Amino acid sequence: MLITWLLDVLLLAPPVAAGYPPKPKNLITIESKALPGATITYKEVPKGVCGNVRSYSGYINFPPNSMREAPQDFPVHIYFWYFESQVKPETDPLAIYINGGPGAGSMVGVFVESGPCRMSEDAQSTVLNEHSWNKEANLLYIDQPVQTGFSYDVLTNATFDFKTNILSPEGPDHDPSKDGTLLAGTFGSGDPSKTANTTLNAARHMWNIVQVWSQDFSPYADNRENDKISLWSESYGGRYAPGFMAYFLQQNNRIKAGLLTGSVLHLDTVGIINGCVDLISQQKSNIDFPYNKNTYGIQAIDDAGYDKAMHAYGKRGGCLDQILECHALAKRYDPNAYGHVDEVNYVCERANSYCNTEVDGIYVDGAKRGLFDIAQCHLDPFPSNSFLGYLAKTEVQEALGVPANHTDPSYTVEHVFNVTGDYVRSDRGGHLLDIANLLDARVKVAMVYGDRDFICNWVGAENVSLSVDYKDAKNFRRAGYADVYTDDSGVPKAQVRQHGLFSFTRVYQAGHMMLAYQPQVGYEIFRRAMFNMDIATGTVTDDIEFYSTQGEVNSTHAEPPLPTVPPTCNFWGMAMSCAKNQIEAIQKGEASIVNNIIVSPTQARGECPTPQPTRKSWFYNNEQQSFII
């Protein structure tokens with residue numbers, strides 16, 4: 001067995017040895033008054049673990065069947081990490097940040113996107129993030145639904161497979177000492193019946209989580225002078241953010257009417273970052289965007305591939321027809337999206353599988369380009385998953401007081417959402433109606449999209465924004481695109497269409513995880529949305545509800561993509577960043593690994609795309625297009 005020792009090498013033995021977290025110590029327990037039976041256990045995190053502000057790490061714990069109006073016949077332990085504002089925690093608003101997936105833990109938000117810290121170059125410690133969102137807001141990161149990230153149902157010793165992200169029972173068939181891609185540790189049960197299985201069920205859980213935390217978590221609730229709550233999310237968060245906040249709004253109305261016991265939540269802002277919101281509005285863009293509708297001159301699929309995908313999308317019984325069939329059956333037999341009707345689940349899962357394979361698959365399987373960045377190889381090293389190795393360190397687990405390993409992504413959650421076909425479904429009325437209802441209730445909605453993302457690309461998202469039928473929709477659609485300035489350079493970093501409380505922003509030179517690519521731009525957009533400013537300049541604060549951007553009806557700014565980044569195989573992000581030959585070498589113990597990076601072997605020739613033809617002209621003309629389907 002060949003294993004090369006290098007300076008500061010992390011070989012295959014250390015990740016295995018780091019598997020079982022230490023038993024948490026010095027936890028504080030709060031008995032919930034908001035929901036009898038629920039508890040909060042937490043501890044203050046030492047400064048330096050992530051940032052230098054006061055922060056608290058802990059769990060909101062629900063015994064079986066204790067949540068209000070939520071299917072939950074199993075224990076739920078939801079992990080949170082709360083960072084106080086750097087200015088005045090008592091008066092600054094609260095922003096909840098959740099990642100998508102489904103099954104993506106929110107620690108990527110902490111260490112890669114909006115949190116107070118970034119990973120150091122050697123991935124062994126952290127450095128301050130100068131663009132942290134807690135400059136003027138309290139930040140709450142939540143791993144949800146249960147069995148995502150640090151959240152768990154029942155602590156279970158198991159083996160995690162980095163190749164597939166699948167948990168398996170401990171035993172001779174899953175022996176980390178014989179396979180370097182396996183990690184023995186403590187996780188949730190891996191039981192797909194013990195988590196939320198649809199967006200709406202996750203919303204039901206989340207409402208209970210926020211009810212308990214906002215009322216009972218004393219470091220936040222005591223002496224609170226500002227009770228505004230905002231929710232920001234990305235990717236699958238295009239469904240989570242509007243779906244959750246619309247459900248909160250519905251529950252608020254029921255509480256006000258005396259139909260439900262609970263606290264009215266002061267809903268302020270919904271932020272959607274590169275979110276997949278509505279398939280009917282967005283799916284076709286997954287054909288157009290890589291063909292000729294991106295602004296970087298990249299033609300990632302050829303004419304034959306384009307024709308094949310378009311046929312699969314539009315033919316009788318094709319992708320669009322199957323989406324519509326799923327919606328019709330779900331509306332009739334499972335309108336409240338409990339995910340318990342087999343016929344609906346089957347039809348919706350089938351539609352999801354067909355559209356993924358026959359439409360998205362033309363690009364995903366053929367272009368060798370990034371799912372999250374069309375300008376990069378599919379073995380995209382950015383942003384790095386090195387924070388996962390940091391969270392596996394015993395001293396970090398002790399500081400956070402976590403009894404479980406961090407699972408990201410959670411195959412269990414991803415699988416059960418796929419079984420119900422949740423991605424194809426929409427909740428009652430759809431997520432477009434969720435956004436409309438929130439806007440009509442005077443909740444701000446900010447849609448923010450990096451323009452190099454494929455999977456939830458800005459072209460489809462623009463269609464979503466123009467398809468939201470709310471009271472002020474005509475004024476939003478009439479608004480033009482304005483340049484977005486976020487520093488003193490005089491160079492615009494984005495373009496925005498905004499009318500009043502609703503904005504759609506396209507951010508240049510950014511992929512799916514926009515905040516990792518353009519952190520300063522992302523922070524400014526967040527700050528301006530949260531504090532009732534115009535997104536373009538941050539200078540308009542008066543009568544913002546009547547403000548409209550002026551400019552061209554289409555966002556046509558184009559530029560060449562930045563140079564590609566060479567693929568980097570990261571042990572902790574093996575499934576997405578490593579080629580087959582590298583994974584095989586890790587599995588056999590024949591890889592050289594330095595600070596979690598596989599330095600040998602390199603990926604096999606042909607893994608990344610060779611230069612492809614570009615198109616001189618692309619999709620927009622000078623006339624307003626009709627985006628409404």
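Placement of Cβ uses the backbone N, Cα and C atoms for every residue, glycine included.
These figures come from a predicted structure and were not determined experimentally.
Copied from Swiss-Prot, the annotated features are:
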{"type": "ACT_SITE", "residues": "S235", "note": "active site"}
{"type": "ACT_SITE", "residues": "D453", "note": "active site"}
{"type": "BINDING", "residues": "C456", "note": "substrate binding site"}
{"type": "DISULFID", "residues": "C326-C355", "note": "disulfide bond"}
{"type": "CARBOHYD", "residues": "N157", "note": "N-linked glycosylation site"}
{"type": "CARBOHYD", "residues": "N197", "note": "N-linked glycosylation site"}
{"type": "CARBOHYD", "residues": "N405", "note": "N-linked glycosylation site"}
{"type": "CARBOHYD", "residues": "N418", "note": "N-linked glycosylation site"}
{"type": "CARBOHYD", "residues": "N463", "note": "N-linked glycosylation site"}
{"type": "CARBOHYD", "residues": "N554", "note": "N-linked glycosylation site"}
{"type": "SIGNAL", "residues": "1-18", "note": "signal peptide"}
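Following the DSSP three-state reduction, the secondary structure of N405 (N-linked glycosylation site) is coil.
Every protein chain considered, the tally of other Cβ atoms within 10 Å of the Cβ of N463 (N-linked glycosylation site) stands at 21. With respect to their backbone Cα atoms, N554 (N-linked glycosylation site) and D453 (active site) stand 19 Å from each other. Taking every protein chain shown into account, N157, N197, N554 are the glycosylation sites, and of these the Cβ with the most other Cβ atoms within 10 Å belongs to N197. Most buried of the glycosylation sites N405, N418, judged by other Cβ atoms within 10 Å, is N405.
For C326 (disulfide bond), the same-chain residues 6+ apart in sequence whose C-beta sits under 8 angstroms from its C-beta are V344, V347, C348, A351, G421, V424, R425. Taking the recorded positions C355, C456 in turn and counting surrounding C-beta atoms within 10 angstroms, the largest count is reached at C456. Under the three-state DSSP scheme, S235 (active site) falls in the strand class. Inclusion criterion for the recorded positions S235, C355, N405, N418, N463: a C-alpha placed within 10 angstroms of the C-alpha of N197 (N-linked glycosylation site); this criterion is met by N418.
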